[in-house]
Amino acid sequence: MSQASAQHTPMMAQYLKIKREHPEVLLFYRMGDFYELFYDDAKRAASLLDITLTQRGQSAGQPIPMAGVPYHSAESYLARLVKSGESVAICEQIGDPATAKGPVERKVVRIVTPGTLHDEALLDARRDNLVLAVHPQGDRWGLAWLELSSGHFSVLEVDGESDLLSEIQRLDPAELLAAESLSLPPALAERPGFRRQSDWLFDLESATRLLCDQFGVADLRGFGCAHLTTALTAAGVLIDYARDTQRSRLPHVTGIAVETRDEAVVIDAASRRNLEIDTNLGGGFDNTLASVLDTTATAMGSRQLKRWLNRPLRDIAQIQSRQAAVQCLIDADRHATLRDALKAIGDIERILARVALYSARPRDLARLRDALNALPALEHDLAELDEGTAIDALKHHIRPYPELAETLSRALVDNPPVVIRDGGVIGTGFDAELDEYRGLAEHAGDYLVELETRERERTGLVGLKVGYNRVHGYYIEIPRAQAREAPAEYIRRQTLKNAERFIIPELKEFEDKALSAKSRALAREKLLYDGLLETLNVDLQALQGTARALATLDVLACFAERALALDFVRPRLSDQPGLRIRGGRHPVVEHVSDHPFVPNDLMLDETRRLLVITGPNMGGKSTYMRQAALIALLAHTGSCVPADEAEIGPVDRIFTRIGSSDDLAGGRSTFMVEMTETATILHNATEHSLVLMDEIGRGTSTFDGLSLAWASAEHLVERRAFTLFATHYFEMTALTEPYDSVANVHLTAAEHRDGIVFMHRVEEGPASQSYGLQVAQLAGVPPRVVARAREKLATLEQQEVHQAGTRGGLGDSDAAAPQQADLFASAPHPVVEALEKLDLDAISPRQAMALLYEWREQC
């Protein structure tokens, strides 16, 4: 593509010039009814889209690879390209082909990237689609992220790569921007949608100036972020990127929200994955916490719900305000009414973003019209609710817009077409000029019949006809025999063998109007449509405030509905540390299970900070632990919780070390992954943290694993973190001896013949046995193997009993004690071994005294 322009046709020279300005993206070059791609773009698109790769003549002596997609169905192809991680520059014809000398003028009108989508067809309606920029300063990281399709713009600063990774995992951006020279962890640099930006763009002064221009302010102090210099640098790069891709000043991005880590319950990346908040371990949505809770009436409510679940609050006043709002909706029995009203609202948050970007389609405006018409009834319903809850702050924003509603109702037909280009969007009676053009185009036939009848009567020429052809336009045709009698005002237009054709001033005037009526109607309709967008943009900020308030109301109504439908209870929020749960349940397991869920109690307080949980595999240990974390999480979002009763103290972090998996790409074994996650917990857990530790130490030798598990538990006891510690090392149950704040609980099971019945009930004390062979039998291990395992187990247990007897005569130990070797039992001391072997009757008193002195030295 570097050949001189003279070697190319004018059209191809134009293409190459535009392509040079956008080398890193695919270029959709508009030619008539197609978007064409050339050269390497064509090859890549043909491969990704499975479309035909062809050629378009030659340029510079070489065949030009070409591929294309129809203009009218471009969205589906764009969706596939974006899903593949591609970005696409849309180059449109902006000149008039009729008047163009040479190639029609074209320019790139926007760049479609994974993180800057706003077209409805390209987005997941119920998930945020973010573009995020990062910038470091020492160990401090600044993050800025934008949801272009709604206008949400936020910043945050964190310390260290661990917190950075945690926040990026929470936000899950579709695109990630960073400086070219910045060294990033592989987990970020290898993310889909990762984009490098020029280093010089990351400049605080330029960023501040750009942000002030975006928000129309002199400085950023009013947003409470002027001190966040690292995050603001990232924010400036982000706004510049979004403006460039959209070719717009982004009028719907009117402010910036500041987040801090201290405001929310921190959930690190591993814990978020293990809890399956809105993404399951397979990367899907099914069987997640959000899948059970999300009965929101609108897509914007669904997105808000996921934000709340992924960022539980710590401020008790805010949480209680939400709780009170949910309780108010339940008590007033209004949640169902409100949810029905909200269904008529739709996703106006994203519609308004498209309005701001002048990309809203006719059906967007029709949905907005319907939403505005639904607001008066919704306002009335809210007015009847009690004061003193989170709903109070919403009432100010959820209000009617009668003038806008009336304008849209008059302007739009009931069911407009998908696009404006073919007309039929603006209703009759809204604009007299448009009605006139349409009348001319639609009723031309009626006029011609009426003119023909009138002229026959006026002239007396019974053979007179009015007609039309593409070459000569409209005409009055008179048979040759009667042509001499044509009135003087008839102007001859065409002579035929058997007739003469004439034009008259009235018909000429009609012709001028009729032939251009359709194009004029389309142009007028487009002008009126743009006028509607301008009118809506005047009230854009207020409308955005209404949309956000409606999304919040939707979540609160969803919480109320779920509380009633799933038998959730309002938790008490306490300033006393701990979790006190009676009849707690796992919300997801209960929802998807075909069997009744067995509820269990949980007591963690100042005197009981770590529970050692034992019991058989499949007995429910992991479920019991996860439900505790999910109940704490839900309580901090303001939701009711799955329990008979719950009192939740302050929680600053939720940690989980559950499950096992290799990190093959990162070159880490299962055990390395486990130890990395454990290290994060041990370094960061506080006295207000909730920690779930499941089967620590499984990936190494028994002695190493048990030692690590014991030491980790001791460390958590010393840090006073609230901990649920599940283990198959029965020696761990001895932690209750040195530590008063440790207690034992176990999941019950009962043997039935050669099988096992899991009771899923949590009881005090350690488990009596592991039931490993019974679980193996349930799993389908061959009977011969299970039988051989039983034989081996009996041998090992007999050896253990014998060894215990020789060590200290413990053969009569408590029958309830687990039959498992005490791996922490001390090895016999050399003095003890010598004493055991000594024949006391065969030595003299002097020899006995000498041995005592020798043994004392050894001790």
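Placement of Cβ uses the backbone N, Cα and C atoms for every residue, glycine included.
Listed in Swiss-Prot for this protein:
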| type | residues | note |
| --- | --- | --- |
| BINDING | Gly615, Pro616, Asn617, Met618, Gly619, Gly620, Lys621, Ser622 | ATP binding site |
Least buried by Cβ count (within 10 Å) of the binding-site residues Gly615, Pro616, Gly619, Gly620: Pro616
Neighbour count (Cβ, 10 Å) for Asn617 (ATP binding site): 20
For Lys621 (ATP binding site), nearby residues of its own chain (Cβ under 8 Å, 6 or more apart in sequence): Ile613, Thr614, Gly615, Asp694, Ala726, Leu747
Position of peak Cβ density within 10 Å, selected from the binding-site residues Met618, Ser622: Ser622
Check: same-chain CB within 8 A of ATP site center, minus Gly615, Pro616, Asn617, Met618, Gly619, Gly620, Lys621, Ser622: Leu747, Phe758
